[in-house]
Amino acid sequence: MKKPIRVLIVDDCKVTTQLLYAILSNETDIEVVGCAQNGQMAIKLVKELKPDLITMDIYMPVMDGVEATRAIMQQCPTPIIIISSHANERQTELTFSALQAGALSIIEKPERVLHDGFDKLQKHIVNSVRALSEVKVVSRRSPLPAESQIKSTGATVSAIKIIALGSSTGGPEALNYIISALPASFPVPLVITQHITEGFLPGLVHWLQHKTSLVLEIAENNQKLLPGHVYFAPDNHHLLIKREVIPIAVLESSPPIGHFRPSITPLFSSLAKNYPESAIGGLLTGMGGDGAPGLLEMRQAGCITFAQSKETSVVFGMPAVALSIKATDLSIDLEKIPEFLTKLL
């Protein structure tokens with residue numbers, strides 16, 4: 001019989017700790033082996049208990065979640081899920097700092113059992129614990145320094161008019177690496193659908209903006225998409241692209257696809273339809289198979305498609321599905337994606 005997943009809960013709030021304990025202990029394949037009220041205690045318990053995964057709060061006395069994550073990743077690397085609210089800009093900023101320090105994912109903090117969406121959140125927490133407990137944590141990849149950013153090719157105007165990326169678990173750090181390496185003179189718009197807990201997207205965009213000369217925005221309906229800009233699908237809307245003189249963003253509130261809104265698939269499908277042979281699509285790290293059918297449509301329309309490699313994906317889910325259905329034959333290491341994109345333009 002397979003051993004249960006051993007989880008350490010780190011949170012100074014008794015209510016949150018009790019909720020997480022109840023959610024996780026209800027599963028036969030998960031065992032809560034300990035609880036810590038601050039980061040310093042967490043480091044001690046990680047060394048003693050050697051859990052398979054840690055759920056980590058951000059704001060705590062003595063030592064916060066960012067410092068604890070950094071110390072744990074240096075001393076005893078263990079998969080960490082940040083359990084946080086997006087109550088204010090400072091908290092959101094710290095949450096993404098924890099991702100950069102080595103945490104794998106962000107999940108909304110459960111507040112009370114009877115609020116709308118609790119069942120969905122409970123399922124998301126459990127599924128994330130199962131998936132991420134098996135991740136072999138690696139050292140963080142540092143973004144390239146500004147002077148090392150990839151230079152634009154200076155070649156004649158390419159047939160490529162737009163690039164789209166889709167990402168989920170592990171995506172924020174992958175996007176950080178890619179976006180920070182692209183030149184400010186990037187000659188086409190970059191559009192991204194990132195699965196992220198509702199309310200955290202503005203914080204992600206703000207965090208990434210500090211690391212690039214490109215202009216980062218959350219897409220608006222009927223917005224013109226400009227070169228040197230990066231556009232993110234907003235919460236609760238699918239992002240599609242229509243073709244005019246320049247690309248135009250279209251936001252749709254149609255039903256979720258595979259429980260996702262935004263879903264990556266509509267973005268890729270719209271490019272297959274409106275930008276055949278003139279778009280690039282890439283699927284980055286993430287659980288599940290969202291985006292793969294749309295990427296296949298792009299390939300069939302003559303677009304360039306690729307998937308992040310297994311070796312550099314936090315979770316090799318979406319890229320694996322894309323490769324298995326022949327949506328692409330290209331499996332590219334994260335470190336090589338910025339140069340791959342730039343050379344095609």
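Even glycines carry a Cβ here, placed using N, Cα and C.
Look at TrEMBL and you will find Ser168 (among others) tagged as active site. Secondary structure at Ser168 (active site), as computed by DSSP, is coil. Non-local contacts of Ser168 (active site) by the CB criterion (under 8 A, 6+ apart in sequence, same chain) comprise Gln194, His195, Leu284, Thr285, Gly286, Met287, Gly288, Asp290, Val315, Gly317, Met318.
Here TrEMBL flags His195 (among others) as active site. In this view, His195 (active site) is surrounded by 23 other Cβ atoms within 10 Å of its Cβ, with every protein chain counted.
Look at Asp290 (active site): DSSP puts it in coil. The active site annotation in TrEMBL covers Asp290 (among others).
The domain 'Response regulatory' feature in TrEMBL is assigned to 6-124. Taken together, the residues in the domain 'Response regulatory' (6-124) have a mean pLDDT of 92 on the 0 to 100 scale.
Marked as domain 'CheB-type methylesterase' by TrEMBL: 156-345.
Per TrEMBL, the feature 4-aspartylphosphate maps to Asp57. Look at Asp57 (4-aspartylphosphate): DSSP puts it in coil. Long-range Cβ neighbours of Asp57 (4-aspartylphosphate) (same chain, at least 6 residues apart, Cβ-Cβ under 8 Å): Val10, Asp11, Asp12, Cys13, Thr16, Gly65, Ile82, Ile83, Ser84, Lys109.
If you draw a 10 Å sphere around the CB of Asp290 (active site), it holds 26 other CB atoms from the protein chains shown.
DSSP labels the residues of the domain 'Response regulatory' (6-124) in these numbers: 54 helix, 25 strand, 40 coil.
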